[in-house]
Amino acid sequence: MSVMDAIVVSKPPAHTSASLEKPSLIGLSREEMGAALRERGVAEKQIKMRVAQLWNWIYVRGVSDFDHMTNVAKDMREMLKQHFTIARPEIVEEQVSNDGTRKWLLRFPPRGAGRPVEIEAVYIPEEGRGTLCISSQVGCTLTCSFCHTGTQRLVRNLTAEEILSQLLLARDRLGDFPDREAPQGTIMPAEGRKVSNIVMMGMGEPLYNFDAVKQALLIATDGDGLSLSRRRVTLSTSGVVPEIFRTGEEIGVMLAISLHAVRDDLRDILVPINKKYPLKELIEACKAYPGLSNARRITFEYVMLKDVNDSLEDAKGLIKLLKGVPAKINLIPFNPWPGTNYQCSDWEQIEKFADFINSAGYASPIRTPRGRDILAACGQLKSESERMRKTERLAFEAMMIANHGADD
């Protein structure tokens, strides 16, 4: 096997303008789904029952075609097909790393962006669990200097449907719904769910898309549907302080902070949002996070940059900064990407840093880099069309239009 397996699994399907305009039932709350059915003439006395049926088929059985809903009357299925969709996003490309990590490049409709947009989702299999890294925006506004995604301009927010669709598609591809099988040779947990954990650590800043992220995660953790434990869902933010308390209060998932520096002058460079919400405000918001305890610690992400933030003085500053916060500190060896000016800290220095933090009583695992060969690792996500120079991208888009609806 080569270092990177890149598999183009689909071409743009032929859509009519009418089909593109159909609203999706994915991402709607029960109340919104009921209102949508009511608007299409479903009798009031049937609404609750029909919503329960649809919820089960979409989120428990994982169907993406109304015709597969065998206990729904045929005339109801025809109405649903005519007015709604539950289709998955288009897979532009699926890449499989030599460590089993999978990265999907997904395409969604323009929705005001002027052209179809692309995002990436990453699946990381480990012993005992499988983690899906989900994107919340197309691009990012934060321009963190060490992050590849930060070099891509923000195009638009993802909808709740588009956020949830990443999870549904991953479970499809991994055989994680009833009566489904995974592709032969797929690396994943031997027992239990194939997707057991979600991290909102993909493209974008989740708290700059709070409402859609909230709706998607509440559906993902709904006990009558996808039924993920909230303790297995982690939302990562670079420090949008006003929304941190709301995240705990209204969503109730685990929190991770992209910290990366212990001094404001350095964090202003590495994570520019620090200029708006400096470290003191960020740490105070963390201390007030609802449900915070030794059993529900905040994870602080700290990318290790050679001769930038990896000294023992930085380690001492980190301990001082986090005093009084139940915390785990994830040390992340920097993942290189083309054009970056940063280097990864020497492994010996990373271990010294970790040992110092451990001796102060903080868990400080060193995150094993995953999917580096397919640019799927932390800080490397960036949609393929945005990596290209403008002329290449235009040529690529022209090819996509030319292939629109083409047969294999």
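Yeah, the Cβs are placed from backbone N, Cα and C, and that goes for glycine too.
The active site, proton acceptor annotation in Swiss-Prot covers Glu120, and the record cites sequence analysis as its basis. According to DSSP, Glu120 (active site, proton acceptor) sits within a strand segment. Around the Cβ of Glu120 (active site, proton acceptor), a 10 Å sphere holds 26 further Cβ atoms from the protein chains shown.
In the predicted structure, the domain 'Radical SAM core' (126-375) carries a mean pLDDT of 90. Residues or ranges marked as domain 'Radical SAM core' in Swiss-Prot (evidence: sequence analysis): 126-375.
The annotation disulfide bond is assigned in Swiss-Prot to Cys133-Cys378 on the grounds of sequence analysis. Under the DSSP three-state reduction, Cys133 (disulfide bond) is assigned to strand.
What Swiss-Prot records for Cys140, Cys144, Cys147 is [4Fe-4S] cluster binding site.
If you look up Swiss-Prot, you'll see Gly204, Glu205, Ser236, Ser258, Leu259, His260, Asn335 marked as S-adenosyl-L-methionine binding site. Around Leu259 (S-adenosyl-L-methionine binding site), the same-chain residues at least 6 positions away in sequence with a Cβ under 8 Å from its Cβ are Arg267, Val271, Phe300, Glu301, Tyr302, Leu318.
What Swiss-Prot lists as active site, S-methylcysteine intermediate is Cys378.
The Cβ of Ser236 (S-adenosyl-L-methionine binding site) lies under 8 Å from the Cβ of Val199, Met200, Met201, Pro206, Leu255, Ala256, Ile257, Ser258, Glu301, each of these being in the same chain and 6 or more residues away along the sequence.
Here the CA atom of Cys140 ([4Fe-4S] cluster binding site) lies 4 Å from the CA atom of Gly204 (S-adenosyl-L-methionine binding site). Taken over all pairs of the listed S-adenosyl-L-methionine-binding residues (Gly204, Glu205, Ser236, Ser258, Leu259, His260, Asn335), the Cα spread reaches a maximum of 19 Å, rounded to the nearest whole number.
Considering only the recorded positions Glu120, Cys133, Glu205, His260, Asn335, the residues lying within 10 A of Cys140 ([4Fe-4S] cluster binding site) on a C-alpha to C-alpha basis are Glu205. Nearest Cα neighbour of Glu120 (active site, proton acceptor) among the listed recorded positions (Cys133, His260, Asn335): Cys133.
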